[in-house]
């Protein structure tokens, strides 16, 4: 197994570094150019979602490369996600995603949040009246149907706590292949990683650098004196230290930068080898969560207080 791939419990391999395609501007041309650039730099995993609005750009850029015979469809790994308003019919939702992408199948389809919204709720910040009671068993049955129909190669979850994982496994016929969550040196997800490891569920880290530049993020990870000291010792960058820490923990990382130099820098994390002294120093860093949900909790009222409890219940 190459060190840039991880084998999932569904039997397929996934690139360890993925390019996230969320952008507040959601400019299609910018996103497409970034994907073309990423492919040249060696990226082969592309992460999107209905709520990001980037599915058409991702699909268009990848199709152009496939038509130009630069890559084959089998060379790339594409992840998208079921939004809360589509829990009533995951099959139809995935078919719409595939239509936007212009593809016949996804490699990975994730339940974006353990939260259900009314079918017409399409805002990233839903209104209080948009929330419905989640029937996770019904949602997961729909996800399993997607896989049975060949619309996706694997299914998984995102933002699921240990308790949510255990509850899901009480009735799931198919164990989720992935749990994509916020994880970085200052939010290490130790308990969740243990739970997922017990069930052979791969942990994929979003915001692996702490989401600097986003409203909910901070520069705490890349500005950490400990991370900077380790980077200086290895003649690397703080970002490379943070990413290699996640990879060394057995996780994949979803990085988000459309800047060529930073995209190249992120890929360079494969060349860094942390030593035995580095891990205890990182593992003693103060926990500092920068989750999007916390940002939403502070921006809204009761529904997100409840939502926060749903994913944060076992931390």
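Residue numbering: from 1, along the chain as shown.
Even glycines carry a Cβ here, placed using N, Cα and C.
What you see is a predicted model, and the numbers here were worked out from it, not measured in a lab.
So that you can see what the record holds, here are the features copied from TrEMBL:
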| type | residues | note |
| --- | --- | --- |
| DOMAIN | 17-285 | domain 'NADP-dependent oxidoreductase' |
| ACT_SITE | 52 | active site, proton donor |
| SITE | 81 | site 'Lowers pKa of active site Tyr' |
| BINDING | 112 | substrate binding site |
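Compared over the recorded positions 81, 112, the count of CB atoms lying within 10 A of a residue's CB peaks at 81. In the predicted structure, the domain 'NADP-dependent oxidoreductase' (17-285) carries a mean pLDDT of 95. Remark: the residue listed as 'active site, proton donor' has 21, 22, 23, 26 as non-local neighbours, by Cβ distance under 8 Å and separation of at least 6 in sequence.
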